[in-house]
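*Asks:* Shown below is the structure under consideration.
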Amino acid sequence: MAAPEEQDLTQEQTEKLLQFQDLTGIESMEQCRLALEQHNWNMEAAVQDRLNEQEGVPSVFNPPPARPLQVNTADHRIYSYVVSRPQPRGLLGWGYYLIMLPFRFTYYTILDIFRFALRFIRPDPRSRVTDPVGDIVSFMHSFEEKYGRAHPVFYQGTYSQALNDAKRELRFLLVYLHGDDHQDSDEFCRNALCAPEVISLINSRMLFWACSTNKPEGYRVSQALRENTYPFLAMIMLKDRRMTVVGRLEGLIQPDDLINQLTFIMDANQTYLVSERLEREERNQTQVLRQQQDEAYLASLRADQEKERKKREEKERKRRKEEEVQQQKLAEERRRQNLQEEKERKLECLPPEPSPDDPESVKIIFKLPNDSRVERRFHFSQSLTVIHDFLFSLKESPEKFQIEANFPRRVLPCVPSEEWPNPPTLQEAGLSHTEVLFVQDLTDE
């Protein structure tokens, strides 16, 4: 019996599912299936995105749009967790605190005034983002040099790319803004952010994007998220169809507390991702259904068009055939009319029939192909052409024929030919005073 994750899969999809699991090492079959479905079962794209995810590289198969996503930071339901610095303890602690308070106040006041005045002289170079990816890579290298290579997988792309990938994959995005000059940054990175339990949680359940606020890209994100202190973490997810900050963690937080807070934020907002995933699947199904309906409509339309085309072709074929039959009929009528006119002309041109008493006359009995007989007299001096014209003028005669004598059996040259350009006379042809000639039908030859 197939596992639940493998139900409704074709053999090819099952093979891809097992191959993808072997290549990526993901234990959950359902997670493998979701990854392949997100890439339309494109094995190469799914594996490459999984490798990119492990290295923190944005997807190369789904480039982000040119316009960055807007993040909703004005939601009053944002979960905020702030860790304040511990209060001084004992008389010595309070004494040191009170002595340093005026100096600290003066230092930060002068520093703020200096920075404010400097803006009028020279704009903050961090406000111009020229190489955002370079800022991320530079921070990642400096982080590894200072805190080691054991850390959560950095997303090696811009903030906008991270937002787009988190939205596309329906995952949580954890943003870390690093304050280089803050006194708690080093301790947080070494003890909390690089803790094995924290690394495992972040790598398995969310995307992780980080940058220093001293970098233009980090400064730009800082202006959008408006952190109050460092270390600063913001949890962002797709909520109500907008990328929204759902949690803010500020201050020096301990590893266990960090894990608890991140888990709490994810558990509290997991229903939104589930709801969005269901809505997305419903939209995809609706889109697939609409596409199938469109394809069915187009197929029906093409079938109707093909049927209409064949109908027009059949109608045109019948029209051409009827026109051809009509033309043949007209041509046959013209031919018959021309033949009849030719018969009448031949009849009018025949010389008069000699009298029976004329010694130079020849009595010829013609036996026609329809077994009828015709008798007429001709003069010995007349050409055999006269005999042919007489027979041609008869209504019973075929259109094409030849005249044959029986004793001896021969064909009389009644029409001009290469052998007989001028047909002979009856006398030259050797006809006697009384002859029986046979008319041979040549119409079908």
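Backbone N, Cα and C define each Cβ position, glycine as well.
Sharing the feature lines straight out of Swiss-Prot:
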- 275-350: coiled coil (COILED)
- 303-348: compositional bias 'Basic and acidic residues' (COMPBIAS)
- 12-48: domain 'UBA' (DOMAIN)
- 357-439: domain 'UBX' (DOMAIN)
- A2: N-acetylalanine (MOD_RES)
- K167: N6-acetyllysine (MOD_RES)
- 300-361: region 'Disordered' (REGION)
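Can you walk me through where each of these features ends up in the structure?
*Replies:* Mapped onto DSSP classes, the domain 'UBX' (357-439) shows 10 helix, 32 strand, 41 coil.
For K167 (N6-acetyllysine), other Cβ atoms within 10 Å of its Cβ number 19.
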*Asks:* Could you tell me the mean pLDDT the prediction assigns to the domain 'UBA' (12-48)?
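*Replies:* That region's mean pLDDT is 75.
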*Asks:* In three-state terms from DSSP, label K167 (N6-acetyllysine) for me.
*Replies:* helix
